[in-house]
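Annotation comment: Swiss-Prot describes 145-158 as compositional bias 'Pro residues'. Marked as domain 'BEACH-type PH' by Swiss-Prot on the basis of sequence analysis: 289-384. Annotation comment: Swiss-Prot describes 389-697 as domain 'BEACH', evidence class sequence analysis. Per Swiss-Prot, region 'Disordered' is recorded for 92-123, 139-167, 554-575, 739-762, 779-825. Here Swiss-Prot flags 1034-1074 as repeat 'WD 5'. What Swiss-Prot records for 1076-1110 is repeat 'WD 6'.
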Amino acid sequence: MFSKNINKVRFNLTLMDEGEYYFDDYSAIFYPPSNTEEESWQKRIAGRILVCSSSMFFEPDDSKLPIMKFPYKDMSSIGAWLNSLSSAPPAHLPTPQPIPQSILSPSKPTPTPTPPIVVEQPSPTRSAFSRLLSFSSLTSKVTTPTPPTPTPTPPTPQPTSIAPTPTIATNPYTSFSVSPNPPSPLLSQLFEQAKPSFLASKGDIFYVKSSQVIEMKENSRNHPYIFKQYNNIDFKFSFNYVKQNIVLDVMKVFHNYSGKEKIQRDELIKQMVEDRENKIFFDITQLVDMNERNILELKCSKISPLVENPGRLLITNARLYFQPMNNIEENRLKNYSLQSIIRVLQRRHSLREIGLELFFDDGSSLFLKFNNTITRNQVYDLLVKHLCTNIMHINEQANYLLKWQNGIISNYDYLLYLNNLAGRTFNDLTQYPVFPWIIADYQSTTLDLNRNETFRDLSKPIGALNPTRLATFQDRYHQIPDDQPKFLYGTHYSTPAYVLYFLVRQVPEYMLRLQNGRFDSPNRMFYSIEETWNSVLNSTTDVKELIPEFYKPSFESSSSSRNGGGGDDDDNFENGIFLTNSENLPLGIRQDNNVINDIILPPWASSPKDFISKLHQALESEYVSQNLHHWIDLIFGYKQKGEEAVRANNLFYHLTYEGSIDIESITNPFEREGMEAQINEFGQTPRQIFKTPHPQRLPQQLRNQNLKIELSDLEQNINFIFDELNNCNINELNNDNDNNLNNNNNNNNNNNSNSNSNLNNNYIDSNINNNINNIENINSLNNENNENSNDKKNNSNSNSSDNIKNSNGFENNDNNFNNENENLNDENENLTFLGEERNNSNNWGSLNFLKFNQNIKLHKDKISALYLSNNSETIYSVSLDSCLKIYSLKEKRQIRSLNLCNLALSSFQLSKDEKYIIIGSWDNNIYVYSVGNGSISYSIPGHSDAVSCLKLHNNNILVSGSWDSSVKVWRTHRQSNGAISIEKTPIADFVDSDTEIRSIDISSNGTIFCAGSSDGYLYFYDLLTLQLIRRISCFFDELVCIKFTPDGSRIITACIDGSVKLIGIEGSEIFSFKVKGEIHCLDSDGSSLIIGTDRGLCLWSLTTGTEIKDSISPFLSQSSNESIHSLNVSINQSSNKPILLTGTEAGSISIWQQ
């Protein structure tokens, strides 16, 4: 985002032409054209001359006067001003003619003429900073010319606009040089006619003979440039401190290049820049600390909107420095602590992978461009892998998605993050961040965010919102020949012109640069919000989206506004400033005679600030939260290109997509430049960052619930820390007393105690600050979420459920299926099972402060599964020792023990009334055990190999997995005597896996189940249609655990190598991390995740995506001596606090509770 004023000084690099380089500036005096040189002297103006590659600028010290730009292409000559004939006839004269006898003395013989001396122009291949040849060595073999006739001074012409009255020489010319040899009589005669120069007597003066001068920034205002035409007038200057010939030689080179073809000129100037860069090295005296060790120094350029500034990059062991090749910036040398760099992203620039953007902890950023991809990658690896210790974790993308889903990150911040990740940056107008149109109502007097009609349909691109216009686009699409790339939209939703269309009032310099010194036609200017919306809704040439400035929250500071994606300093940025003509810019008059001034706002907005505030509220509304993932699919996701883009009516011109053309392969400079210009004009589609449907945001009720749990955990953490702090203080006090009593005997002990106490205090202080900050952030988010109405919550929940089903390709007969479920539940009201249902009814709350209660040795081998009864008094467990055990915690004894078969028992499911247990065994069978009878009541041969996992849902569906690679779906029944039976023939038998099935789980609504295989694949099945929905490769090793979150929208998967992933039911990865050791089991309530490994327990928050350390939860370290192979978390019905059961490899069960 841009600040209101780009620079504190008037001249900035945006005043130059595209592709122009700034070289140097010098203190100078300008002598305005006047009738006499004495008058010019009296009117002299102090300022600075700025030498650039395509023009020379003069910036007066008086800000009321305009900056003057002299393009080299409009100059006829540059040279030293010696006298009135300094800008006399050109050095390159016409074809020589005999000297007229009337000029020569008839009484004297005709002298032998001396050929004139001409200045040799530098060779195009010579370095621009090489020393020019001396005048004495520059001669031209020209025969005796006819001497020119002196031309009388013509009357002073009038410029096309108001300007100082100039004296004009009508003859075009080039520099005239004086020969070091004795002049000929002819030249002597000419010199006698030259008038002495008053200015030349005052010092070294040079002139610029130009036919055009461009004036800008008069009174420091950003008005359109004034182009003044002259008849080759002499503009005279002098330098204050530098030798004149040094600067003139360089300017003459640029003047010579201005007459060449653009491609050749650009190449020559590029050589000059490279030559200068090679001669400039970093000034090591500017190091912040002279003890810093230089690691890497190389050439690069700093990129900002419409500007490229070459310079030198130095990386030390402590800081990163950028030294521009010029001194245009107020603080020429920039240095950044490596510790302040929090993110480094590789960028494209000019369609090449040569950019690198660095983000700092104060919210600022630095965009650097390198000569090639190899150099860019070298710098990236050096910073990310070796020097910058505060770089965010590689799984940051998943962490952001998780936080957004849970409401910790706002929609605004998440969209900024996705833009950033997709290569969009505030430093490059060709890749500026893109935001969606949200509101569709710009006529009502009040903005009703509770009406769906108020919002734009986010599931469709802008071009598809109007069906009539879409039909036009589709007709054109079908008319494009098959051998040509097809597209729906010939224009894009984001281009530099569109960005400045919105921001012209805030950064007019950029519009003037883009439009060659003029503002756009008044009828095309940004005039009214409603008018612009109607245009993007109806015009066949306008499908532009919005920019972040429309939604910037009022509480946002510059340090937090862009996720490190900002441009210049915008501490004084006022929301909505881009909608007001605060500089009184002359933007023009429309055809309807309306003057363009401030933007006309919709009736429901009282001011620009109110307008931005209401748009931000709309962006954060529940409707947008539940539908924003559709727009993300269009812009950043799987509907961005290819067949999905065609189906979504979201296909743009092929050159807008990344990778559509290899710009490096175009060797012809004309074609390459044309291609770059074409793509920049068409716009660039963001980098595709999602290949699968983007997960939906959690409903507001669930977000609030997770935030409440997180807040409760943080508060308990702080209480725990304060308790520890108090204990430390008490210990210190006791130690002090002991010191007083036993000062001579306990010195060593006291020192150790004080040292430990200081360490504890430092740790505690750090944790207090971190937790207080977290509480403040979550409290503010929680309060913001609570402002929405309950009706809106209910509506969003129903919409969320529908969206989830539709996004997975389910048929639109969910009502029939739901009715069938209701009937099944009515008939078998008492047949429900532990698992998702019980966890869904009660969240665990905090697990941070569990404490070890007792250990029970029940089995001889690894415990494969275990559950705790509803009343928290009975433990059920099965083991690889082939035994089922039932243990009474109240009686502290084993109630049942049954050896079902000769092989291991892998899993079991428990009925809610706890009267029946369904067990899977390695002997290929599925058993139903009656707790009351203490015997097997039913069994069936389930698979052709070991049954590895079972899952039973309350709609009488049992799913089983096996080592034979199959997954089977069974229907269960309750017999007249209350016993459970399983149909002998499965209703579905899936053999989609190539390896054994390791884990199975069913969503809470009973519509989907997932199976994980030992080769790392995850299979999604529809329980309604009994069909495979999708197959995803999750890991490269054995997938050991699957667990649906209670809301049914996400699946937790774990690999034996310690990797854990949270995946949306649409198949997108939401969050991932890795723990130490091999994972064997896990459990979750959707907010917390507890994992059992061969090194004990791990605890993670699924709200913030952070690990709960054992410093806060001591029970985690207490479990580290055990290899945990099964676990179960339940709620104690009497205390309403969680109880954790863990089963070990040795066959023992541990109980943890608060």
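Keep in mind that glycine also has a Cβ here, set from the backbone N, Cα and C atoms.
Since we're looking at a predicted model, the values are computed, not measured.
When the repeat 'WD 6' (1076-1110) is classified with DSSP, helix, strand and coil residues number 0 helix, 21 strand, 14 coil. Averaged across the repeat 'WD 5' (1034-1074), pLDDT in this predicted model comes to 92.
Helix, strand and coil counts under DSSP for the domain 'BEACH-type PH' (289-384) come to 15 helix, 54 strand, 27 coil.
Each residue of the repeat 'WD 5' (1034-1074) gets a DSSP state, and the totals for helix, strand and coil are 0 helix, 24 strand, 17 coil.
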